[in-house]
Amino acid sequence: MTPDIDRQVALETATELLPTQADLEAWVGAVLARHPDTDRHELSVRFVTADESQALNRDYRGKDKPTNVLSFPFEAPPGLPLALLGDLAICHAVVVDEAAEQGKPLAHHYAHMVIHGTLHLLGYDHIDDREAEEMEALERELLAHFAIGDPYAE
């Protein structure tokens, strides 16, 4: 299923470093291909500033700092089947800093963040060890499809 992605950019600089619409469709499409049972394929991906990320993280998670990706799954009212998956808010500054700190290409880290966030929209989590192992294994598999190495390797 081809994802329907509303790509939003809330940045005024460095927009040429952001993933393209085609990148997003490929990465999200790979996640959805592994989940053929879902008919939810519409989402928004918003590239945000550190200030917006911090405000969202504070308001929705109680953590007063910017973070790499926030996932907001859509929960349809009972009896109202919609194709909406949810929203991702990705902080460009944090992703750039993390990629540099981890010595990985920015595009690879963006792929990881989009795949990670999309898995959260589908209900995956990493609160306990078992869930984390399952989610991380799937992330590794999906990233390998794009010739991207293990993001959790030391």
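Any Cβ shown, glycine's included, is placed from N, Cα and C.
Database features, via Swiss-Prot:
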BINDING   HIS116, HIS120, HIS126  Zn(2+) binding site
Additional residues around Zn(2+), ordered along the sequence, whose Cβ is within 8 Å of the centroid of HIS116, HIS120, HIS126: VAL69, SER71, GLY117, LEU119, TYR124, ASP125, MET135, GLU139
Secondary structure at HIS116 (Zn(2+) binding site), reduced by DSSP to three states: helix
HIS116, HIS120 as binding-site residues, winner by CB count within 10 A: HIS116
